[in-house]
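Student: Encoded as structure tokens, here's the structure I'll be asking about.
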Amino acid sequence: AQPKTKKTLGKTGVKNVVVVEGVRIPFLQSGTSYADLMPHDLARAALQGLLTRTSVPRDVVDYIVYGTVIQEVKTSNVAREAALGAGFSDKTPAHTVTMACISSNQAMTTGVGMIAAGQCDVVVAGGVELMSDVPIRHSRKMRKTMLTLNRAKTLGQKLSLISKIRPDYFTPELPAVAEFSTSETMGHSADRLAAAFGVSRLEQDEYALRSHSLAKKAQDEGLLQDVVPFKVPGKDTVTKDNGIRPSSLEQMGKLKPAFVKPYGTVTAANSSFLTDGASAMLIMSEEKALAMGYKPKAYLRDFVYVSQDPKDQLLLGPTYATPKVLEKAGLTLGDIDVFEFHEAFAGQILANLKAMDSDWFAQNYMGRKSKVGAPPLDKFNTWGGSLSLGHPFGATGCRLVITAAHRLKKEGGQYGLVAACAAGGQ
């Protein structure tokens, strides 16, 4: 085989930005070992894991950015609380971003922008999600009553307000994994998407089984080097992801549809599960990394964000983003050695692969002359994905990037492409 051209994607006059290291605590099914913790505890553990692995002096870090989706009310800027808890300098600013399932992608690209603009040389980016404990609110009527009660001065006013409370005031408000603009849950949308692209239940189950089998193999072979152990206070040390469960097509076939009943094809087995976890990544200018004696794992070269109609194209972000980012970088799909796509649902992945491989879709929906092509499966999520490893909403982006970097090194590849869909049709 001809050796690949060693075309560099460096830009004149812009600093090279590199990944020095990326880690994550084990991703666990919600309601298991992390159930009694708070999000900043998980984020702190990931940050401490990064410090331990890199020995980077804490005061060298110029800035910290974290992504999260369902925010704990007490720690709304979870980046700052986690950084202080992990022993970073109180002089290091930190902020938190939210962009659904691509929150830590946004954290990383924010860091890339800061370094490229000359604002910083060393940024820590990461993400965290704790689905074991989510904010459950009183109803709007009850909140209003309580706030008014707070302002009431006399006993008479207080008793008058209390007397107006009705049983329905006590109905709690739960956070929903649903689109605010359409009120549709993501699972329902995934089911419609799979139907629109003719993706069968069997195809989805087969893809989910592939994800779990590849994740198990990667875990057994020690390939998931980004995982750092976490001593859970009052419990044991957690060392590995606990959602990897290769089943059989027969077992998976017995499950009922989870969202569109009774004829839907999306089930608990071919969807990502609710997950607790956190990730952290050390990003530097190449110059700074080399001056400090680090050997970079990868260059972060280009990125693009897209958004579509959240009703009918909620989960098609990768299809729209891939040709754009390839064009920006001057590459074709065939140049890419490693693909890491976020697996929200098996049906969503398969629908995206079909859309990417369709000239008709490219011409009618994307305004392009021809399709970009579907990534070959032998280069695609070969160490498992969100269906098996888990998907803590705010933390997955960093996992995708560091996995792509590790796979490039192991496989001797040059270019990796990471993509993810997110709520809001992004």
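Note that the numbers count up from 1, one per residue, in the order the chain is shown.
Backbone N, Cα and C define each Cβ position, glycine as well.
All TrEMBL annotations are machine predictions without curation.
Marked as active site, acyl-thioester intermediate by TrEMBL: C101. Among the features that TrEMBL reports, active site, proton acceptor is placed at H391, C421. Residues or ranges marked as domain 'Thiolase N-terminal' in TrEMBL: 17-287. Under the heading domain 'Thiolase C-terminal', TrEMBL lists 294-426.
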Student: List nothing but the one residue from C101, C421 whose Cβ has the fewest other Cβ atoms within 10 Å; the candidates are the active-site residues.
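Tutor: It is C101 that, of the active-site residues C101, C421, has the fewest other Cβ atoms within 10 Å.
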Student: Just to verify a number: CA distance, the residue listed as 'active site, acyl-thioester intermediate' to C421 (active site, proton acceptor), in angstrom, no decimals.
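Tutor: Approximately 7 Å lies between the Cα of the residue listed as 'active site, acyl-thioester intermediate' and that of C421 (active site, proton acceptor).
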Student: Report the same-chain neighbours of H391 (active site, proton acceptor): residues 6+ apart in sequence with Cβ closer than 8 Å to its Cβ, ordered by sequence.
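Tutor: Once residues fewer than 6 apart are set aside, H391 (active site, proton acceptor) is near F27, C101, S272, F273, T275, H342, E343, A344.
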Student: For the domain 'Thiolase N-terminal' (17-287), provide the mean pLDDT of the predicted model.
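Tutor: The predicted confidence over the domain 'Thiolase N-terminal' (17-287), as a mean pLDDT, is 97.
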